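First the structure, in the form of structure tokens, and then the observations on it.
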Amino acid sequence: PALFMENARKGSIVSRANSIGSTSASSVPNTDDEDSDYHQESFKESYKDQRRRAHTQAEQKRRDAIKKGYNDLQAIVPTCEQQDFSISSQKLSKAIVLQKTIDYIQFLHKEKKKQEEEVSTLRKDVMALKIMKVNYEQIVKAHQDNPNEGKNQISDEVKFNVFQGIMDSLFQSFNASISVTSFQELSACVFSWIEEHCKPQTLQDIVIRVLHKVKSQLY
């Protein structure tokens, strides 16, 4: 019986030792491999966060660039500043800004075409003035070379006929172009008539036609 009790005590001690060993083993820190897996997983998550953050920043930059572009358009295009009364208290939408920008560009193209036509007309006027200048220079030179030639040969009546012929021709076009319904319309018609019928080339043609007519009457 004493031996049996001794063996039972030893078995209980071994069992307790195994139990303690098992508990201690479970509390031992992770091995190097387990630490490596943990840090690698943390690194992967950090890399994903970095990519997400970079994507967010890039998207924000893109949105800021678009916003700045629309703000610049609103500052450049005059019609974007002149809002309608109904939407004066509201911010212009991107669609309205784009449409107003398109309309303004089309307006600029029309103005450019109009200015090009005006430049072309002015060039023709300059050419006509140069021709008239040459003619007057030749007349002045002829009088300087022969100051007494033709003196007192042209009467005042002939001068008046020339003047009358020029004025009659101008009055015909003036009478056909001018409306006197109102002063505003009269003013607009007068300026329009001056621009159309008082160009140097037009006046030159009238004078030449009148002179030929007077010459045919004299000779």
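Note: Cβ is positioned from N, Cα and C throughout, glycine not excepted.
As recorded in TrEMBL:
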- 15-30: compositional bias 'Polar residues' (COMPBIAS)
- 15-64: region 'Disordered' (REGION)
- 37-49: compositional bias 'Basic and acidic residues' (COMPBIAS)
- 50-108: domain 'BHLH' (DOMAIN)
- 105-132: coiled coil (COILED)
If I take every residue in the domain 'BHLH' (50-108) and average their pLDDT values, what number comes out? 83
Using DSSP, how many residues of the domain 'BHLH' (50-108) fall into helix, strand and coil, respectively? 49 helix, 0 strand, 10 coil
